[in-house]
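**Student:** These came from Swiss-Prot, pasted as-is:
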type	residues	note
BINDING	Glu355	[CaMn4O5] cluster binding site
MOD_RES	Thr3	N-acetylthreonine
MOD_RES	Thr3	phosphothreonine
TRANSMEM	57-81	transmembrane segment
TRANSMEM	122-143	transmembrane segment
TRANSMEM	166-188	transmembrane segment
TRANSMEM	243-263	transmembrane segment
TRANSMEM	279-300	transmembrane segment
TRANSMEM	435-459	transmembrane segment
Amino acid sequence: METLFNKKLTVGGRDQESTGFAWWAGNARLINVSGKLLGAHVAHAGLIVFWTGAMNLFEVAHFVPQKPMYEQGLILLPHLATLGFGVGFDGIVLDTYPFFVCGVLHLISSAVLGFGGVFHSLAGPDTLEESFRFFGYTWKRKKKLAAILGIHLCFLGLGALLLAWKAMYGGGVYDTWWPGGGDVRSITNPTLNPFIIFGYLVKSPFGGEGWIVSVDSMEYVIGGHIWIGILLVSGGFWHICSRPSPWVVRTFVWSGEAYLSYSLGAVATMGFIAVPMVWFNNTVYPSEFYGPTGPEASQAQAFTFLIRDQRLGTNIASAQGPTGLGKYLMKSPTGEIIFGGETMRFWDFRGPWLEPLRGPNGLDLNKLKNDVQPWQERRAAEYMTHAPLGSLNSVGGVATEINAVNFVNPRSWLATSHFVLAFFFFVGHLWHAGRARAAAIGFEKGIDRSREIARKLKPLD
């Protein structure tokens with residue numbers, strides 16, 4: 001029997017003495033064998049794509065068309081529906097076949113990637129430099145690594161432009177702001193004004209500003225993807241064709257572990273940005289598929305009770321709550337008419353079911369009394385009872401105890417999982433960045449294990 005303390009333990013034909021890393025260090029054992037590292041890279045991509053395809057088909061098999069997606073614990077089908085596949089007016093699923101096709105295509109792709117990963121891990125050359133010079137690299141070849149970065153940027157840019165093409169020419173995307181309840185439509189006139197697109201980056205993240213999370217137009221979303229796609233492709237060609245400047249060479253650490261830390265930091269940043277986006281934004285993440293946001297559920301409850309009590313004869317304009325403030329309507333810090341009660345904290349909420357009832361100074365009292373449509377009432381009642389909040393009493397004025405059993409709003413799951421994973425990626429970034437910098441400076445000593453008692457233990461057998 002081999003034990004954890006046996007340095008000669010061989011996994012995948014590599015041991016601690018030949019690689020400098022123990023078996024549990026994973027791909028660190030492949031740091032100097034580019035061919036095998038490519039195999040691990042491709043196999044990892046295959047696993048990701050396999051999960052995507054398998055989970056996609058799992059969700060299709062369990063999907064019930066009569067129920068909203070957000071009631072069924074789905075996280076992949078809402079993304080496909082947002083892209084305009086299989087859905088129509090009001091987010092109604094018309095055909096699940098596009099979902100099925102997407103899952104099968106991912107499974108086929110994962111098989112190709114899996115074969116490539118196994119081939120390069122077991123049968124391919126140890127290093128690419130000898131057999132495939134174009135694909136070969138070493139960690140110190142700065143020009144080559146800059147070109148690899150450029151290739152990655154080009155592919156990311158093409159992905160962003162592909163979304164723009166789908167929205168403009170490939171059948172359109174789902175727009176929750178379409179009058180009367182949302183629909184799939186082609187974005188024929190995306191906004192390309194740089195002051196509008198990049199203005200989101202300098203907006204405050206607080207209150208009614210909301211940084212990039214406040215985007216509420218598909219024209220802005222697609223226009224932003226066009227800008228990002230062009231910038232990424234342009235930057236990719238720049239890095240492919242140019243050499244790193246001297247100040248770049250001096251600033252960055254050039255080693256495999258340093259590149260790993262940069263990548264982990266980038267993924268962590270994207271994960272942290274995704275958290276408020278999926279939690280607050282109902283344009284990119286339509287509530288028809290992902291369920292209401294927290295503020296949306298709270299505002300929906302206030303709206304539902306306002307409509308109910310108004311029909312019972314209440315004067316919604318003058319009724320006061322127990323604090324003396326307006327029970328149904330009140331003034332916001334900026335002077336707008338907003339919903340009263342505990343939902344006042346969400347006064348800056350914007351949603352497609354509520355915006356038709358606004359006027360030049362917030363909610364329009366005349367519209368609330370005379371123009372409320374049945375679809376708005378139904379949607380508000382539905383969102384009120386599906387808040388992304390788990391509580392035994394109430395949060396933000398939303399009574400959630402009725403839904404606390406056997407219901408998790410997809411926004412809760414997606415926001416929490418992205419935050420937790422982004423945090424771990426960020427910790428990994430700090431860890432590997434510290435190790436890479438220490439190694440570059442030359443004072444990385446590691447832990448002194450010469451006196452560890454484990455070194456004196458005999459194998460168990």
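Note: Cβ is positioned from N, Cα and C throughout, glycine not excepted.
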**Student:** Are there residues at least six beyond either end of the transmembrane segment (122-143) with Cβ under 8 Å to its Cβ atoms? List them, or say none.
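**Tutor:** Contacts with the transmembrane segment (122-143): 31, 33-36, 38-39, 243-244, 249, 254-256, 259.
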**Student:** Tell me whether the residue listed as '[CaMn4O5] cluster binding site' sits in a helix, a strand or coil according to DSSP.
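**Tutor:** Reduced to three states, the DSSP call for the residue listed as '[CaMn4O5] cluster binding site' is helix.
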**Student:** Test of understanding: applying the rule of at least three C-beta pairs under 8 Å (pairs 6 or more apart in sequence), is the transmembrane segment (243-263) touching the transmembrane segment (57-81)?
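**Tutor:** Stretch pair does not touch.
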**Student:** In sequence order, what residues of the same chain, 6+ apart, have a Cβ less than 8 Å from the Cβ of Glu355 ([CaMn4O5] cluster binding site)?
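**Tutor:** Glu355 ([CaMn4O5] cluster binding site) has long-range Cβ partners Trp177.
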